[in-house]
Amino acid sequence: MDVRRRSEKPVYPSKVFGADEKPLKPHNNQQQEDNNTLLIDASDALPLPLYLTNGLFFTMFFSVMYFLLSRWREKIRNSTPLHVVTLSELGAIVSLIASVIYLLGFFGIGFVQTFVSRGNNDSWDENDEEFLLKEDSRCGPATTLGCAIPAPPARQISPMAPPQPAMSMVEKPSPLITPASSEEDEEIINSVVQGKFPSYSLVIQLGDVSAAASLRKEVMQRITGKSLEGLPLEGFTYESILGQCCEMPIGYVQIPVGIAGPLLLNGKEFSVPMATTEGCLVASTNRGCKAIYASGGATCIVLRDGMTRAPCVRFGTAKRAAELKFFVEDPIKFETLANVFNQSSRFGRLQRIQCAIAGKNLYMRFVCSTGDAMGMNMVSKGVQNVLDYLQNEYPDMDVIGISGNFCSDKKPAAVNWIEGRGKSVVCEAIITEEVVKKVLKTEVAALVELNMLKNLTGSAMAGALGGFNAHASNIVSAVFIATGQDPAQNIESSHCITMMEAVNDGKDLHISVTMPSIEVGTVGGGTQLASQSACLNLLGVKGANREAPGSNARLLATVVAGSVLAGELSLMSAISAGQLVNSHMKYNRSTKASS
């Protein structure tokens with residue numbers, strides 16, 4: 001092999017070139033050397049000279065460390081908690097962190113830059129190989145040598161193929177791309193897909209909630225590779241949910257709304273809106289409404305009205321926890337606490353405080369009226385005011401959480417079943433023998449026996465908590481979704497016991513539902529949305545009642561209970577008559593799935 005060392009600099013012949021010939025131009029690296037291009041040091045990016053910057057951070061590190069150590073010794077002597085810091089201590093901590101980061105990440109920058117700026121003495125470097133290959137692929141003859149040499153065929157140098165990435169065990173979905181309406185939108189979409197821009201900031205960037213929802217939907221399609229074509233986007237006022245109902249929307253879900261009724265309740269007729277995807281539910285409830293109407297209507301009474309919130313506090317001993325329990329249960333002290341609580345709202349009024357102790361932990365269940373609002377935010381604000389007041393009276397009290405699950409919210413709990421939460425309601429009706437036979441297609445005795453063995457004995461065998469009914473949750477959920485209530489509160493709102501008894505010498509049927517914790521409101525949350533507001537308006541309970549605050553929410557609770565009464569009556573009759581399977585096969589079976 002002929003190995004020859006290349007000269008440090010290319011030597012160009014001094015011979016005069018032809019008219020059509022150009023001398024071989026020096027490589028760009030050589031041009032930079034000829035032009036005496038200055039090399040940039042890494043320390044040039046610093047605002048101060050390197051030695052001053054290093055000295056500054058050295059001084060800051062040791063001075064701040066000395067300050068913090070002295071403050072630490074003082075806190076130990078004074079028994080001050082270490083986590084309590086002043087503004088000067090906070091600034092010292094930040095300065096210490098900054099100096100440590102600099103010393104670990106940037107110290108010795110002058111030493112490092114010597115390697116960065118050190119060049120190769122040989123002007124021919126590795127990058128010159130590409131230059132040689134390009135210049136050596138000339139197609140014309142080398143006439144400058146004074147002889148005619150046949151031109152060699154030009155060599156075709158194919159670029160190397162980039163390395164293929166290793167196969168992943170999980171195949172990523174191919175992005176589903178829909179053309180954006182403008183180049184600016186396309187740029188924003190790509191930024192979100194690549195993780196350079198957060199999706200939740202689209203509203204701030206665009207200034208339009210609807211446009212942000214449209215772009216966010218397109219982003220989700222590209223990231224997941226799944227089509228969202230069936231999820232509607234147009235036809236919804238997204239400004240109405242901004243900051244209160246839903247974050248980062250990409251559309252809305254359509255749920256059909258049916259009407260059951262008229263429901264004759266306390267002498268008034270109500271057309272009950274029910275949002276559901278379960279076939280036969282509206283039809284069954286409608287049949288129950290018909291039976292109640294034909295029998296003279298139903299009567300409904302609100303027994304209690306009070307939303308609850310139960311914070312958890314802890315003391316050093318159980319004795320101290322008991323002292324606070326006696327304090328808040330004292331009628332004289334309660335008046336003071338009620339005044340503190342009531343300052344948080346025009347409608348929130350503290351009714352009572354129920355306490356429970358677990359060791360040195362105290363749970364205080366605040367009960368208050370909340371007007372026409374469901375009231376969770378209202379009662380939480382009032383409880384916070386009381387806790388701030390008690391903190392001054394009991395400085396050793398440690399607030400664990402404003403909610404200690406003794407409330408109890410969105411969970412089946414015996415405290416709600418026994419003490420009630422929200423609106424406690426009982427609804428009753430007497431269904432005549434004729435209606436039982438002609439409308440419900442069953443017998444009074446059969447209904448009474450079925451209710452005892454199914455709703456009472458059967459639920460007891462199952463260990464049910466508040467579930468002594470046939471399907472109260474079905475009706476509660478449907479009315480809740482239609483009227484903008486919190487669907488998650490269907491859990492405790494569906495607590496119900498259904499009672500049936502033969503009256504009037506066994507000819508007629510007395511049926512009742514007792515529901516101790518219906519949590520509803522006619523203002524706030526989803527009640528202000530257009531569709532839900534229309535359903536509330538249909539019932540005559542839209543918004544707040546200015547003349548009698550809270551009456552609209554209580555009326556809505558009675559409508560819920562009356563609808564449950566109708567649903568229980570119809571379903572129990574269908575089971576008693578053996579019609580349940582046939583009716584569900586007719587109304588609750590998808591023809592597409594069965595075909």
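Note that Cβ sites are derived from N, Cα and C of the backbone, with glycine treated the same way.
Per Swiss-Prot, these features apply:
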| type | residues | note |
| --- | --- | --- |
| ACT_SITE | Glu278 | active site, charge relay system |
| ACT_SITE | Lys410 | active site, charge relay system |
| ACT_SITE | Asp486 | active site, charge relay system |
| CARBOHYD | Asn35 | N-linked glycosylation site |
| CARBOHYD | Asn121 | N-linked glycosylation site |
| CARBOHYD | Asn342 | N-linked glycosylation site |
| CARBOHYD | Asn455 | N-linked glycosylation site |
| CARBOHYD | Asn588 | N-linked glycosylation site |
| REGION | 113-183 | region 'Linker' |
| TRANSMEM | 48-68 | transmembrane segment |
| TRANSMEM | 92-112 | transmembrane segment |
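Where Swiss-Prot records a feature, it is marked here on the structure.
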residue: Glu278; record: active site, charge relay system; Cβ neighbours (10 Å): 15
residue: Asn342; record: N-linked glycosylation site; Cβ neighbours (10 Å): 16
residue: Lys410; record: active site, charge relay system; Cβ neighbours (10 Å): 16
residue: Asn455; record: N-linked glycosylation site; Cβ neighbours (10 Å): 23
residue: Asp486; record: active site, charge relay system; Cβ neighbours (10 Å): 18
Work through the recorded positions one by one (Asn342, Lys410, Asn455, Asp486) and name whichever has its CA nearest to the CA of Glu278 (active site, charge relay system). Asp486
Quick check for the class: what is the C-alpha distance, in angstrom and rounded, between Asn342 (N-linked glycosylation site) and Asp486 (active site, charge relay system)? 25
Quick one: pull the CA-CA distance for Lys410 (active site, charge relay system) versus Asp486 (active site, charge relay system), whole Å only. 10
